[in-house]
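So that you can see what the record holds, here are the features copied from TrEMBL:
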type: ACT_SITE; residues: Glu276; note: active site, proton donor/acceptor
type: BINDING; residues: Phe241, Leu242, Ile243, Asn279; note: acetyl-CoA binding site
type: DOMAIN; residues: 14-187; note: domain 'Histone acetyl transferase HAT1 N-terminal'
type: SITE; residues: Trp199; note: site 'Interaction with histone H4 N-terminus'
Amino acid sequence: MDLSINLGGNLTSHSSTKFSTVKEPSGSYEDEEDDDIIEFNPAFTYQIFGENEQIFGYKDLVVNLEFASGSLASCFSMGYQDKKPMADKIYPVMKDFLPPAIEQTQKQSLNGNSLAPDIIDNPDVFSQIVERDNTEFKPMGTKIGEYRLDSGSSEDSVFEYYQAKFDTPRFLEYHKRLQCFAIFFIDGASVIEDTDEKWEIRLVFEKVNNGGQAVYHFVGYCNMYPYFFYPDQIRMRISQFLILPPYQQQGHGGRLYQSLYSDFGSRPEIREMTVEDPNEEFSDMRDKNDMKHLTNAGVFKDVQAPIKAETIAKVAKEYKLTKRQVARCFELALLKNLDKKSRPQYKAFRLQVKQRLYRHNAEALSTLDRPERIEKLHETFQSVEEDYHRLLAMIH
């Protein structure tokens with residue numbers, strides 16, 4: 001919705017809220033680079049502004065949330081051309097979803113210095129913190145790997161993974177800051193319980209060589225929780241997985257997901273990797289990477305239907321994936337290698353998919369009459385096949 005609307009109209013909270021990550025303090029250079037401040041809008045605001053995601057009573061409202069790109073210290077400001085007396089209150093509504101203010105005695109050290117207050121309303125103070133980040137901020141946790149991108153980033157940049165838990169020095173308060181992004185960018189996200197020591201968090205930072213000085217920028221994170229897997233192992237479930245919008249569509253999500261393969265594969269106590277309520281974008285990324293991983297491992301060599309349940313179970317156990325995910329990958333491989341002129345091959349593929357769909361939806365299908373059940377199952381199969389073609393077009 002256009003922000004330039006009549007006073008008293010409803011503004012969409014998406015368009016009127018501006019996020020930005022700030023890499024350099026304002027006015028640091030006479031010729032400031034365009035990418036020193038990167039702006040983007042939130043994806044979701046309904047938890048804050050209600051189901052309609054609207055703000056009432058302002059003309060040309062802009063709500064600014066600036067974050068220092070390393071420490072994630074935030075600066076809140078807002079502006080508007082005019083306002084009704086009964087206009088929605090902005091900050092009182094948003095503050096519970098933003099990093100909480102921290103008393104001086106509770107602040108953790110940052111290389112001997114205190115973390116700044118989380119919510120800042122003074123641009124000069126915020127600019128000082130951004131400047132300090134460039135020399136003092138360092139990631140917390142244990143570095144477990146790094147990578148470079150083939151394109152899209154400076155040759156002076158390297159991306160690093162760090163592993164942390166809530167008892168990791170400096171991480172607890174940092175997590176309070178980054179959780180703000182989950183509310184605005186992950187559908188249905190909630191703030192996780194940071195007193196539970198079982199949580200594991202993986203962070204991604206961009207490290208830039210700035211005249212011999214290493215400067216770090218936050219890229220994204222995922223958090224994982226271990227559940228008991230009978231009799232003596234654990235199921236590691238990915239709960240939240242986020243790459244900030246300025247770094248999306250560059251391969252960072254895939255790299256982060258692949259790093260989990262490497263880690264979980266080396267940990268004998270982990271039996272299975274699962275995902276909690278994945279959205280479509282994450283599911284696509286997961287499917288592409290699982291297909292690539294299993295293909296490179298030779299799992300799909302000479303694959304043909306029917307594929308036995310025992311084979312799916314064996315692959316799932318070896319690669320620590322769920323049986324359903326492995327079955328979907330086998331189906332994708334079958335379709336990819338399908339001879340479109342061979343009716344027997346297509347029939348075998350169709351039966352393979354329908355058998356899985358029937359097992360997965362047996363309870364709901366059992367309430368239908370046989371003709372209705374057959375029709376519904378076929379409609380579901382057609383939808384799955386169409387989606388598989390879409391996925392295969394994305395997989396190189």
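Every residue, even glycine, has its Cβ placed from backbone N, Cα and C.
Of all Cβ atoms in the protein chains displayed, 22 besides its own lie within 10 Å of the Cβ of Leu242 (acetyl-CoA binding site). Within the group of recorded positions (Trp199, Phe241), the Cβ with the highest number of other Cβ atoms inside 10 Å belongs to Phe241. Other Cβ atoms within 10 Å of the Cβ of Asn279 (acetyl-CoA binding site) number 12 in total over all chains. If you take the Cα of Trp199 (site 'Interaction with histone H4 N-terminus') and the Cα of Asn279 (acetyl-CoA binding site), they are about 21 angstrom apart, rounded to a whole number. Apart from Phe241, Leu242, Ile243, Asn279, the residues listed for acetyl-CoA, the same chain places the Cβ atoms of Phe185, Ile186, Gly220, Cys222, Gln240, Gly253, Glu281, Phe282 within 8 Å of the centroid of those Cβ atoms. The Cβ of Ile243 (acetyl-CoA binding site) lies under 8 Å from the Cβ of Val204, Val219, Gly220, His252, Gly253, Leu256, each on the same chain and at least six residues away in sequence. Calculated from their C-alpha atoms, the gap between Leu242 (acetyl-CoA binding site) and the residue listed as 'active site, proton donor/acceptor' amounts to 13 Å. The C-beta environment of Glu276 (active site, proton donor/acceptor), restricted to residues of the same chain at least 6 apart in sequence and closer than 8 Å, consists of Arg237, Ile238, Ser239. Per the record's binding annotation for acetyl-CoA, residues Phe241, Leu242, Ile243, Asn279 show a top Cα-Cα distance of 14 Å.
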